[in-house]
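S.K.: Shown below is the structure under consideration.
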Amino acid sequence: MGLSASPAAPGAAAAAAFTILSQLCGAAFLYVLLKADGSWQVMGLLALLGVGFFLLERFPGIGEFITASLTRVPLVTAATAAIIVLGFPFVVGSNTYILHLLIVAQLYAVLALALNFQLGSANIPNFATGASYGIGAYVSALLALNFGMSFWLTLPIAALAATLFGFIIGIPSMRTRDTYLALVTIAFGVVVQQLLNNFDWTGGPNGLVGIPAPSLFGHSFASPLQVFGWKLPSQANFYYLAAALVVVAVVTAQRLHGSRIGLAWNALRADEIAAKAQGINVAWYKVLAFAVDAFLAAFAGTIYAFYVSYISPDNFTFLVSVTIMTMVIVGGMDNIFGVIVGAFLLTILPEKLRAFSDYRLLFFGVVVIGFLMIRPQGLFPQRLRQYGVHR
Amino acid sequence: MSALLRVENVTMRFGGLVALNDVTFSVKKGSVLAVIGPNGAGKSTLFNVVTGVYKPTAGRMTFDGADITSKPSYEVVRRGIARTFQSSRLFSDLSVLDNVIIGMHTRTKTGVLDALFRPGASRREMAACVEKAEALLQAGSGDLYEQRNRPAGTLAQADRRRLEIARALASQPKLILLDEPSVGMDDKETDALVADIKRLRSGHPELSVILIEHDMRVVGAFPEHVMCIDYGSRIAEGSFETVRANPRVQEAYLGKAAAHA
């Protein structure tokens, strides 16, 4: 196993060039996929993607070379990514549908990263992420509608409320495991959705309408965004907001993964009894995973509520939780980049394959079963931690 | 001499099965206790009770002056008892180095907020752990250090046992419980293991060891204090010679082993 630095490790200049090129290729693929019209074009792109992963599987050297290049010049990697993310709306132009897809994909990326703390790092099958997402959305919407609170104020409050909810599901879940744990979280998810549906003060099945658009320094997010003479549709505001949240989620994930907390989660994923014998308070770390998941999911929920300005219990069903779980499994458990790719693919593909929209649930089911059978580690498998590479 | 671990009249019942029956013993600071007995005698159950995996049905345990009866595992580890498992329980999808670093869990303290808002402190803590872990991997026999970036699941059997010991030592224990460390080792590796334990003791004269063993050569290397368990009861205790000469021990255990040899 070539785990040490491969002999073909690129030099700094080559790595930088390769880093920029590979990220541009990725962005171009995303752009073409978003622009694709009709099932055949999408199928063709999927086939292309399939060939790419087949090559990665056959020649693991390619993947190692790419990751080696990206980690060799982290600043170039980050800068290229930033430019691509900032520039994408300009390339997309006035196509609001594509912007909408990108916003939803980014929110799902945050949700998938949130669930990844549990499913990926700690192997806790949590089917209540959709409920935490809904609690975030409802708490912030209610605060804005009833008390006129600004978006920026509701954001942390909603996150704290959802975290509390995370603790509440986490505590009974400590006593159960595996299948039973999954059942407990399914029950919680359904209960939350039913409550939202039946309470008067949540608007019942009609939901909450007319959530005001946030504003920043006098600029309303409902109005178009003017940058250096360029005029971007109002969706661009939320695109950048969602992108900022993705950055927060990625940084959170990286910092926790690289600390002893990420290691403790990985330990209890691998062997709970052995983890206990290392002095890890297994119950506490499980509850912690629930809380972190709920915290991030609530952020996504708040942005969603203010973006669409209308939420109902139907937005936060069990199916949403299943979708998020599928994204983590497809993307690659415990791989931050993989989870984001999974979220984007599974947001965009069902939209593009509208012809099969009646079979969406079937589609997710087939995808999950297929992946668990053929590639259980996901598109991008988890990687071993590397220490002192730049020593 | 003061006893580091004192186990008094501990009984462990699973339904109608009595896995441990009124067991009493103590371990002095810096000494080795070898526990022998046939398969199913209750040796591993004893480890599980001491480390808080099981709550004893009756009895009392004190460690380093404090009562540890019915304390949860993480509390017991924090107080200084580390263990290895009979069927090695490594975190097989993590690297060898990560396995040892996880062993330091009770000696590190970064919380979620620290990790998020003080990344520098968190990174320094991890860097210190890496350094300590590398030192631990270099200390034992074998070439674990060279294999530190491999997934632990890909190690050879003898290396897995060595890694388990390194991981247990990472928590800076006062007492280490080794559950059949020589399983899966050939003669040469077993000799290296005995040398490792001896080197460990001379390096840490305060460290106490409880050793479950089937290999009489390993037990013979630590002959001062041996206890034999059968059907959950302590049937003999003393030096290796006296325990070996005990007719009940021969009947329960050595008779079978002699027939084997």
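Using N, Cα and C of the backbone, Cβ positions are placed for all residues, glycine too.
Copying in the features that TrEMBL gives for the protein in this structure:
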TRANSMEM  A:12-34  transmembrane segment
TRANSMEM  A:40-57  transmembrane segment
TRANSMEM  A:69-91  transmembrane segment
TRANSMEM  A:97-115  transmembrane segment
TRANSMEM  A:127-145  transmembrane segment
TRANSMEM  A:151-172  transmembrane segment
TRANSMEM  A:179-196  transmembrane segment
TRANSMEM  A:238-256  transmembrane segment
TRANSMEM  A:287-310  transmembrane segment
TRANSMEM  A:316-349  transmembrane segment
TRANSMEM  A:361-380  transmembrane segment
S.K.: So which of A:12-34, A:238-256, A:287-310 has the most C-beta pairs under 8 Å when paired with the transmembrane segment (A:69-91)?
M.R.: A:12-34
S.K.: Given the transmembrane segment (A:316-349), which of the listed stretches A:12-34, A:40-57, A:97-115, A:151-172, A:179-196 has the most Cβ pairs that are under 8 Å apart from it?
M.R.: A:97-115
S.K.: Counting only pairs at least 6 apart in sequence, do the transmembrane segment (A:127-145) and the transmembrane segment (A:287-310) share 3+ Cβ pairs under 8 Å?
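M.R.: Output yes: the transmembrane segment (A:127-145) sits against the transmembrane segment (A:287-310).
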